[in-house]
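These come from Swiss-Prot:
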type	residues	note
REGION	1-24	region 'Disordered'
TRANSMEM	3-23	transmembrane segment
COMPBIAS	9-22	compositional bias 'Low complexity'
TRANSMEM	37-57	transmembrane segment
TRANSMEM	65-85	transmembrane segment
TRANSMEM	97-117	transmembrane segment
TRANSMEM	140-160	transmembrane segment
TRANSMEM	169-189	transmembrane segment
TRANSMEM	200-220	transmembrane segment
TRANSMEM	238-258	transmembrane segment
TRANSMEM	269-289	transmembrane segment
TRANSMEM	315-335	transmembrane segment
REGION	356-390	region 'Disordered'
């Protein structure tokens, strides 16, 4: 969802979804506030709906579709969408678009080949998510999948030499504890379990997906920082590689079955909904996060966990016990704490230590950091790029 929400496309879109421009200071704050609330709603629905729709489609009675074909179709649709967006950027001039793609994809082939690595990982991640969601309850997957924040943070420290605040390290520990509690509840659950589900395989798939998501997101960020290509061009290149690699994976894993039963075997409206969500969800988030800050994205993740849990109870008969509630609560709190901007943390710590006071700036000293015109404090630079809320 990778889409890279949950998959490659989401992560890829998120990697390039850097807030670009703020509203003018004199513009109406009410309109911007509405956009932020709309952004929150879109992020919550996209995060929860992809997981729930995959779970629903994979547990429906009848012929089960091939997950590898869904991954390929999502990559094809994502690539076509990015191609149309680039076509619109060239004002509908086919010649200009062809010349641009020839220069960006073929002439600068080194930059193009660099995207083969994250594309391979995103394709693998998308397939792993189908395995995980097919073997775990949607709510359990949603909570456990937040380990991607931990892996992304660790890869950012190792590959980008980023530093984390003490609060962020503490929130990562809290996150790991919450996920461990949820998995302990899953392993010790006494309720009925479908015979075709393997929680151990589901957990292994989630962990592998989180590791791949963290590495690919940070690697993709490094590529974006070292080049001038637009996010739509990079997603088109990812889509080209993703389609090719997805077809190789399809042939390797399910080639004989697909050849005998057909590429679209088992496709229903629910399956097409999953494919469309995977293809367009990440691109939609890339546009939405222009109006979202880290706190909003962390809040969206927390709400999507709650929404997934409630929907799982209604749709799939998920049993909510105190142990799961405790673990999920720790994860929600950890996500929120991790997304807090450092400026806000320092301000809270300073206020609690010294109490309310009026601070006067000494002469000759630079002014303290101010709220931006968007109303947000300075945020962690890598979080909007590498951690995509799903």
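Each position is counted from 1, following the chain as shown.
Even glycines carry a Cβ here, placed using N, Cα and C.
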Among the ranges 37-57, 65-85, 97-117, 140-160, 238-258, the one whose Cβ pairs under 8 Å to the transmembrane segment (200-220) are most numerous: 140-160
Contact between the transmembrane segment (140-160) and the transmembrane segment (65-85) (3 or more Cβ pairs under 8 Å, separation 6+): no
In contact by Cβ distance (the transmembrane segment (65-85), the transmembrane segment (169-189); 3 or more pairs under 8 Å): no
Positions on the same chain near the transmembrane segment (65-85), where near means CB under 8 A and six or more residues out: 3, 7-9, 57-58, 123, 126-127, 130-131, 134, 232-233, 235-236, 238-240, 242-243, 246-247, 249-250, 253-254, 257-258, 263-268, 271, 274-276, 278-280, 282-283
